[in-house]
Amino acid sequence: MAVVTNIQDLRAIAMRKVPRAIFHYADRGSYDETTLAANRADLAAIGLRQRVMIDVSDRSTATTLIGEKVALPLAIAPTGLTGLFHGDGEIHGCRAAQAAGIPFTLSTMSICSIEDVAGAVDKPFWFQLYVMRDRKFSESLVERAKAAKCSALVLTLDLQIQGQRHNDIKNGLAVPPKLTLANALDIATKPRWIASVLMGRRHSFGNLAVRQESDSLSTLSQWIAGQFDPSLSWKDVEWVRSIWPGKLILKGILDVEDAKIAAQTGADAIVVSNHGGRQLDGAVSTIKALPRIVDAIGGGKSEIWFDGGVQSGQDILKARALGAKGCMMGKAFLWSLAAGGQAGVAQAIEIIRKELDVSMALTGTRDIEQVDRSVLEL
Ligand SMILES: Cc1cc2nc3c(=O)[nH]c(=O)nc-3n(C[C@H](O)[C@H](O)[C@H](O)COP(=O)(O)O)c2cc1C
């Protein structure tokens with residue numbers, strides 16, 4: 001097997017290992033993918049400032065995120081369908097994250113349920129909530145997250161309606177995977193995925209299983225499409241606040257005006273995010289939006305986090321320099337999971353931790369807490 005030295009190597013392995021429809025689901029963005037590309041391009045365009053002859057022998061990437069100690073300022077972002085990238089993928093991802101000392105977020109749209117993951121790990125994880133039309137069902141998800149002792153609720157705000165991803169339509173992506181002729185021919189070339197996922201126990205949305213009144217695939221997907229609620233408003237955020245007394249993270253803020261309102265809710269953190277370029281194509285890249293939001297609401301109660309294009313330690317250093325307390329990663333997590341299960345995710349986190357550590361040293365920074373705009377070549 002090829003030597004893996006960076007996240008792109010894991011992506012290349014993932015491409016070989018999982019069916020095209022699943023790989024594209026993670027890899028691609030909405031419409032013309034301009035925002036998807038901008039997330040990466042704008043991060044890459046930021047320079048770091050090389051410093052020399054500063055004693056950097058004793059370094060630390062450790063910090064806190066909403067009061068939880070973390071080995072580096074990184075958390076696994078919530079991703080739907082994770083268990084289709086590797087059998088029991090959410091459990092593998094959570095175990096790897098916890099062993100590496102970073103938080104794991106379980107998506108509402110996960111394949112393993114809240115209870116599956118809670119039963120397989122011994123530390124708390126975070127749960128991501130989509131508020132659905134059926135508020136009673138949303139409330140029941142919150143109750144399940146409480147019962148599973150989740151230590152934070154990540155409320156996603158940027159998916160009242162879904163942006164179109166052309167590839168998901170062209171590939172006939174369905175949950176559970178649909179065996180069209182084209183898909184079957186493709187899947188036949190992925191024996192390890194067949195063994196891990198198709199022959200595994202879980203193929204459908206674990207948290208929504210209770211809602212599945214029929215085993216018809218289209219019925220379930222229709223039900224899900226019908227559940228995303230375009231009428232959501234800040235009142236619903238207040239409602240979630242009232243039923244979830246624990247740590248609350250608001251994810252999907254890109255605009256300064258929205259950031260100001262989000263900060264007024266008293267949320268513990270807000271995540272500057274455009275859903276990884278999967279929603280509004282044409283929206284600003286997250287790294288461009290980050291400093292505007294930090295200037296507007298930085299220093300308040302809510303920590304400001306960042307996601308979108310995080311694929312290296314250098315990316316984290318840049319985001320941190322521009323005021324992000326923490327970062328989340330979505331695609332890089334899924335590629336590493338598809339490439340090697342729990343070991344793959346552990347490897348990805350370690351690659352990124354080392355890149356962050358070395359890049360800090362080369363900018364003359366000993367402690368992640370010291371990182372500010374002075375490490376950037378602006
Ligand atoms: C395949 C995939 C599925 C996702 N599913 C969810 C989800 O269920 N809930 C959510 O809040 N965000 C979801 N996201 C968005 C991520 O949480 C995160 O915002 C985004 O992936 C960050 O960008 P990155 O992929 O460039 O790291 C998903 C992202 C991807 C790539």
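Glycine is treated like the rest: Cβ placed from N, Cα and C.
With Pro78, Thr79, Gly80, Ser107, Gln128, Tyr130, Thr156, Ser273 listed by TrEMBL as binding FMN, the candidate from Lys170, Lys251, Lys260, Lys288 annotated for that site turns out to be Lys251. Cross-referencing Arg133, Arg165, Arg373 with the glyoxylate binding residues that TrEMBL gives (Tyr25, His275, Arg278) picks out Arg165. When the C-alpha distances from Pro78 (FMN binding site) to the recorded positions Tyr25, Arg165, His275, Arg278 are tabulated, the minimum falls on His275. Every protein chain considered, the tally of other Cβ atoms within 10 Å of the Cβ of His275 (active site, proton acceptor) stands at 26. The maximum pairwise C-alpha distance among Tyr25, Arg165, His275, Arg278, the residues recorded as binding glyoxylate, is 13 Å. For the binding site of FMN, formed by Pro78, Thr79, Gly80, Ser107, Gln128, Tyr130, Thr156, Lys251, Ser273 according to the record, the largest Cα to Cα distance is 16 Å, rounded to a whole number.
Same-chain residues at least 6 positions away in sequence with a Cβ under 8 Å from that of Gly80 (FMN binding site) are, in sequence order, Ser107, Thr108, Met109, Ser110.
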